[in-house]
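So the structure is just underneath, and the comments pick up after that.
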Amino acid sequence: MSLYSRHAWAVSDQKLSLMEKGSKELKMPSDKASSSRLPVLGLGRKRRLDKENAPEPEKKRIRGTGTTIPMSCLKEPTVATIPRAKKQVTAQKAPLKSRPWHTPAATTDVKSRKPISTISAPKPAVSSTTARKGADKRPAWDVKGQLCDLRKEFSACQVQAEVLTRENLELRSQLGPAEQAARTLEAENKSLIRELTEAQAQTKEDQLELVKLGARVQELEEFLRTQESLIQSMQEKQLQLQEDRKDLATRLENQEKQLQESVAALAKSQAEITAQAALLAERTENLHCLEMERRHLLNQLQELKGNIRVFCRVRPVLPGEPVPPPGLISFPPGPRGASEPSTQLSLTRPSDDRCSIIGKLPSPPVRYDFSFDQVFLPDSRQNEVFEEVSLLVQSALDGYPVCIFAYGQTGSGKTFTMEGGPGGDPQVEGLIPRAVRHLFSVAKKLEVQGWSYTFVASYVEIYNETIRDLLVRVGGPQKCQGGECEIRLAGPGSKDLIVTNAQYVPVSCEEEVESLLHLARQNRAVARTTQNEQSSRSHSVFQLQISGRHMGQNLHCTAPLNLVDLAGSERLDPGLSTGPADRERLKETQAINSSLSTLGLVIMALSNKESHVPYRNSKLTYLLQNSLRGNSKMLMFVNISPLEENFSESLNSLRFASKVNQCVIGTARANKK
């Protein structure tokens, strides 16, 4: 039970006890009730008769007349009117205590106490004067009797005034404690009200907290149910995991047994691997020695064949060309008969109707015999030609500079021999695409032995002693026009030569090289001549820089492979007109013949071991000087035409090739580091 409830019960008990005491004490004797018309003592706690608290005097109406006079005009107020006025004022105020002698300890709240006026009190007795007025009224002349009556009434009023004065004093003495008790009760009431308000606020907060706690309890119950289900599922998983653990333990035992067996097998295998590695190292070393031996034997074979070799190739008669007379070109068999590749060629000048100067007889046929390293007949195929060149091409991978020429008059098949026929037919591919394919294939096989190779390609032409880059894109800027491409040393202290402003393209497959060859065909300078519809008017030089490295043996070799398609050689025609086009053709012919003559002079100077070799007399020999020296390997294809009308040019080409074939430039040396 709260503090407020306990206090309310205590107040109610005090009220009941006081009401019982008041009802017993208010029973007064009959004589007192009949003698006074005033209320019982104790009802006028706050009444005062002094001038400060007294109400304004009321106007008293005189019986029998219609006028009223103020009470102040009377000398002495009547005793009967004073209590009534005070009683009315007191009734308007708060109710009084039940007994005039009620102590402060037993007081209760004034507002909750019933007023004393509800207790039945004897009405005041009617005065004798009033009774005589109604019964026998003194005559007007009986002044003495009226005065006696007034004196009696005045004495009664004095007695009544004394009584009222005593009551007033008693009430005044009780007023202070009552007011103090009222203030105490009011303070307690405010405190209880404040406590009640706080209790109500606390109750509301407790109710809200209770609602929250209820929601929290529901949430926790739901969470508990979830956790219980989770625990149940975890227990099931735990059982499953225990079974799995047992299974895994069994498997682990089996795996450990297998592991021990594997470790033993691995140790055995490692021992075998160590033995195999030692054997492999030994065999690798043997293989490397064999590879070095192969290169040495290949080099000896090439030296036995000659560091300068000349192959002769006769092109077939093309459709629409006249059939040459029999015996114009013949191929005498070798010592072993027709089964041996031909190395000789005979060129016979047919007899004519002109008479000789001496005997005035028709001149007899003249036969010219030539001998070369090998002669390819008109029906020879491209793959047969390359088979004789493949070993020489492979020498470039071994670090030997290699240079292959195609020499001959215009229209004799030089470009067909070097680049192949149109249309991309594999059967008619020339030396350049076949040599590149062969190099890539051999380099890939040598990777197993520890060799790694890189290839860088360039393609230039020399036209009228001017170097042009053939790898410039069609429609792009011509970097090498205007003398911009020059031959320079690759760097300080280096003997390698490069062409400035020319493109050097790294290649790794034959498709990349094929795209470069296709681009070069579009850029090369060709023109129509008296011997050929599309004659190459420049020397084209395809250069492939090869660099090989063996990390295990710490070997490094570099070498260039030069595949050169020379411009067609022609004699100057004295009857050539002097037009602009003819003058241009004349200038081209002079530049071509000059560079070819310089090539012959360089080869002869190398053969004769002369101190000065005229490399710089021509851009062609200057560019190829590292591949023409005594430490390089050279091969010249001399291409001739089978037609009778080209007899003189074919004879000159064969004579030049025969001189080259007789030269010996020394022993080739590989560029190894």
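Every residue, even glycine, has its Cβ placed from backbone N, Cα and C.
Feature annotation from TrEMBL assigns ATP binding site to Gly408, Gln409, Thr410, Gly411, Ser412, Gly413, Lys414, Thr415. Cβ neighbour count for Thr410 (ATP binding site): 24 (other Cβ atoms within 10 Å of its Cβ, all protein chains included).
According to TrEMBL, the coiled coil annotation covers 182-307.
Per TrEMBL, the feature compositional bias 'Basic and acidic residues' maps to 21-30 (among others).
For 49-59 (among others), the entry in TrEMBL reads compositional bias 'Basic and acidic residues'.
For 115-131 (among others), the entry in TrEMBL reads compositional bias 'Polar residues'.
Same-chain residues lying 6+ beyond the ends of the compositional bias 'Pro residues' (325-335) with a Cβ under 8 Å from its Cβ atoms: 314, 341-348, 350, 365, 369, 375, 377, 640, 642, 644, 647. Taken from TrEMBL, the feature compositional bias 'Pro residues' applies to 325-335.
Sequence-distant contacts of the compositional bias 'Polar residues' (340-349) (same chain, six or more residues past either end, CB-CB distance under 8 Å): 312, 314, 327-334, 365-375, 377, 647, 650-651, 654. Annotated compositional bias 'Polar residues' per TrEMBL: 340-349 (among others), in sequence order.
TrEMBL lists 307-663 with the feature domain 'Kinesin motor'.
The region 'Disordered' annotation in TrEMBL covers 21-70 (among others).
The region 'Disordered' feature in TrEMBL is assigned to 89-137 (among others).
Residues annotated as region 'Disordered' in TrEMBL: 325-350 (among others).
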Surrounding CB atoms that lie within 10 Å of the CB of Gly413 (ATP binding site), all protein chains: 19
Among Gln409, Ser412, which are binding-site residues, the residue with the most C-beta atoms within 10 angstroms of its C-beta: Ser412
Counts of helix, strand and coil residues, the compositional bias 'Polar residues' (340-349), according to DSSP: 0 helix, 6 strand, 4 coil
Lowest local Cβ density among Gly408, Gly411, which the record lists as binding-site residues, within 10 Å: Gly411
Fewest-neighbour residue among binding-site residues, criterion Cβ within 10 Å, set Lys414, Thr415: Thr415
